[in-house]
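Novice: Feature annotation from TrEMBL assigns domain 'Major facilitator superfamily (MFS) profile' to 18-465. TrEMBL lists 475-507 with the feature region 'Disordered'. According to TrEMBL, the transmembrane segment annotation covers 20-44, 88-108, 115-135, 141-168, 180-203, 209-229, 311-336, 348-367, 373-391, 403-426, 438-459.
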Amino acid sequence: MYSSGWQQRLSRFFIIPQRVILAIMGFLAIMNAYTMRISLSIAITEMVNKTGVGSNEGESGVCPIDENADPDDFTGGEFDWDEELQGIILSSFYWGYVITHIPGGMLAEKFGGKWTLSLGILSTAFFTLITPWAVELGGSTALIVIRVMMGLGEGTTFPALSALMATWIPAKERSKLGSLVFGGGQVGTILGNLLSGVLLHNIEGWSSVFYFFGGMGVLWFVIFTLLCYSDPESHPFISEKEKEYLKRELGTLERDRTLPPTPWRFILTSVPMMALVCAQIGHDWGFFIMVTDLPKYMSDVLRFSIKDNGLYSSLPYLVMWIVSLSTGVLSDWLITSGRMTITFGRKLFTTIASIGPACFIVGASYAGCEKAVVVMLFTFAMGLMGTFYPGMKVNPLDLSPNYAGTLMAITNGIGAITGIIAPYVVGVMTPNHTLDEWRIVFWISFAIFNVTNLAYILWASGEVQPWNTPHLMNKSVEAGDSRSSGQDDDALAEPHKSGQSLGAIKQ
């Protein structure tokens, strides 16, 4: 199917390939999703009354307030919510988030990722915009409901993006463009923390945070729906040169609409899949502890002002983003040059992203009130977490390009359960905001990082799994021909080894 003349003329206005435009818009999708998700983590420090915080100053208590600091930065707002209730509020987003992962992945595989992704972000933006109104009317209960609804909308983000990437991005570009797309999480966290601090410092009240980031989400929706499409074949102004390249690398330019139902039994009993889930749990526990509760640690324990809190809470994610992009390029080069296999690469970068942060966050808890040292250690920790992205984060695309959306839904959905547990655990374990209480939290994170990484090292794989094409497996089993089955598996794996996606195989 060739494009009409006007479509080809329009394609000449795009210097950047459409697959890169999709990756950039995917990056902006995750960035917007994260700014809307984590803006409350900074805003809640100004919503809640904090006049009782800081009575236990000292080596094991909270740090003293700087002499030059503005006392008004440490009084907080009008709501008397204790630590446990704050933990419930911060975790409530993930109650909805885990629910829509699997439906989102299945919808994206069946109908394409464009609308599954864009409508999810739009709904999250709408609920972000009405957050101040809801809180004024219904207090903490209304805020919890709004956060659950935001989670429901945002739960489709990663599954839909995985389905889009499997359709658009060749295997040889997967680590690089995958790291770009998923790096939106770090940039969103940077901007969410930094701009929230600036807005709260310069504008009276806390509502501006939600209006600003909700509006940005609506703007992204408009641009994305105009520029991006679910697959290359349906794109009206992709160039013929790029179409030929993608057809050569992927084997097909459209989603396989005859794809068999999701092979749930094979997926849920797959050892590499279980290893991936373990790694995702370790990543998400550490990441959600940092994203959700680092601003509270900065505010309640280290006693940073709201402006400084936003700045120093965002710094670790800037380094994480730079590391994720640079190691994504490094990973692609090491794999395509034959210096290491995909499986070894995924395990190597995942291990760096587990052991390094585990050590540095524990070290930060022993740095006491040395603010510069603490910020440096947290920055090192989050920087090394950036290697998760060329590691386990793109692993669903390796295991099954055809069902990448569902795999991402399962792993991200199960991992996101830690987003429910972690903020609540922190709230329960840190009622007095002391260094000793937080140290226990960080030791728990140390253990989770290392145990889950061990499981990934032992059982993970970067090879395409036989259940990526379940109809071929079924034919072999029905024929009772084990040799044929083995040949099918070899045929399926061969394009992957040569740098091609399994989506390339015609059904």
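Cβ from N, Cα, C; glycine included.
Nobody curates TrEMBL annotations by hand; they come from automatic prediction.
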Novice: Do the transmembrane segment (20-44) and the transmembrane segment (115-135) come close, with at least three CB pairs under 8 A (pairs 6 or more apart in sequence)?
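Specialist: Contact confirmed: at least 3 Cβ pairs fall under 8 Å.
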Novice: Over the domain 'Major facilitator superfamily (MFS) profile' (18-465), what is the model's average pLDDT?
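Specialist: Average per-residue pLDDT within the domain 'Major facilitator superfamily (MFS) profile' (18-465): 86.
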Novice: Please determine whether the transmembrane segment (209-229) and the transmembrane segment (88-108) are in contact (criterion: at least three Cβ-Cβ distances under 8 Å, sequence separation 6 or more).
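Specialist: These two stretches do not touch.
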Novice: The transmembrane segment (373-391) vs the transmembrane segment (115-135): three or more C-beta pairs under 8 Å (separation of 6 or more)?
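Specialist: No, these stretches are not in contact.
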Novice: How about long-range neighbours of the transmembrane segment (115-135): same chain, 6 or more residues beyond its ends, C-beta under 8 Å?
Specialist: 26, 29, 32-33, 36-37, 39-40, 47, 100, 104, 107-108, 142-143, 145-146, 149-150, 152-157, 159-161, 163-164, 206-207, 210-211, 213-218, 220-221, 224-225, 230
